[in-house]
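If you check Swiss-Prot, you get these features:
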type    : residues                                             : note
BINDING : Gly8, Arg9, Ser10, Gly11, Ala12, Gly13, Lys14, Ser15 : ATP binding site
BINDING : Asp56, Ile57, Arg58, Asn59                           : GTP binding site
Amino acid sequence: MEIIIISGRSGAGKSVALRALEDTGYYCVDNIPLDLLPQLTDILSQSQSSVAISLDIRNIPSSANSLEQTLSTLQKHHQIKIIFLEADRATLIRRYSDSRRLHPLSLKDLSLEAAIDEEYRYLEPLIQHANLILDTTHLSTHILAERLREFLRDNSEKELKIIVESFGFKYGIPLDADYVFDVRFLPNPHWDPTLRPMTGLEAPVAEFLNSHTEVNEFIYLTRHYIDTWLPMLEKNNRSYLTIAIGCTGGKHRSVYIAQQLGEYFQAKGKTVQIQHKSLERNKKI
């Protein structure tokens, strides 16, 4: 039986994710204690082929060993995938303020901020097992549902999807990144007044960066690093590999380098999605 476990931070969108999976045809179970999972899956396997189960902080044991043991038992008999939903701290605080709901750990007389931080510590062992980490900070419910459908399609095809994304450090590191490369030490087109309004997707900026040996060397060495370990990552039953390239504002250097890396792996026949987070963010503004 195929089992999708949905977990993540409270307020990150687990209920939306579970509804999206239900619409896709999964039999869904919301918030069952982890200890009851083996018994539940034994019963469901007699009548269901695809099940989605939501786990929140109230139903996850504080012991990492207990979590490991339960997941190991399930994996012996079923195909398990774990989807972990993330969002940045400020977004979670805003969502709780908007909904006027209590955080599950606020019942322990913690402030909302303290409850969010403590929850993250509890959930850390589960993050280590996640097949997909989705940062919902800037995702609408519609896009979140589409990302989940993409994951399920890619999962059925058993092909690793590479996401190469540029970002600006001043906006924060993407929470869903598997690898983060900092390119702030490279020559910056920002200091050229004619290049400043442009982006790393435009020819004059690309020509400026391509003219510097250190930029080309960085791209070559980064490609070589990923090429070296990609075969092992593909064998590791992953569905997504997210590579984040960051510069100060996410407008010039990171955009150019992310585009170069993404196009390189596309040319090698890999399934690649190129995203420019800070450019998309500024478009919305």
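Cβ from N, Cα, C; glycine included.
What Swiss-Prot annotates, mapped onto the structure for a quick look.
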residue	record	DSSP (3 states)
Gly8	ATP binding site	strand
Gly13	ATP binding site	coil
Asp56	GTP binding site	coil
Residue from Gly8, Gly11, Ala12, Gly13 whose C-alpha is spatially nearest that of Arg58 (GTP binding site), among the binding-site residues | Gly8
Taking the center of the Cβ atoms of Asp56, Ile57, Arg58, Asn59 at the recorded GTP site, which other residues in this chain have a Cβ no more than 8 Å from that point?
-> Ser10, Asn31, Leu55, Ile60, Pro104
Residues near Gly13 (ATP binding site) by Cβ (under 8 Å) yet at least 6 apart in sequence within the same chain, in sequence order, are Leu85, Ala87, Thr136, Leu139, Thr141, Leu144
List, in sequence order, those binding-site residues among Asp56, Ile57, Asn59 whose Cα sits within 10 Å of the Cα of Lys14 (ATP binding site).
-> Asp56
For the binding-site residues listed here, Gly8, Gly11, which shows the highest count of neighbouring CB atoms within 10 A?
-> Gly8
Entry from the binding-site residues list Ser10, Ser15, Asn59 having the most other CB atoms no farther than 10 A | Ser10
How many whole Å apart are the CA atoms of Gly11 (ATP binding site) and Asp56 (GTP binding site)?
-> 10
List, in sequence order, the residues of the same chain other than Gly8, Arg9, Ser10, Gly11, Ala12, Gly13, Lys14, Ser15 whose Cβ lies within 8 Å of the centroid of the Cβ atoms of the recorded ATP site.
-> Asp56, Leu85, Ala87, Thr136
If we count other C-beta atoms within 10 Å, could you say which of the binding-site residues Ala12, Ile57 has the fewest?
-> Ile57
Got a sec? Which of these binding-site residues, Lys14, Arg58, has the most Cβ atoms within 10 Å?
-> Lys14
Calculate the distance in Å between the alpha carbons (Cα) of Asp56 (GTP binding site) and Ala12 (ATP binding site), and round it to a whole number.
-> 11
Output the one of Arg9, Asp56 that, of all these binding-site residues, has the highest number of other Cβ atoms within 10 Å of its Cβ.
-> Arg9
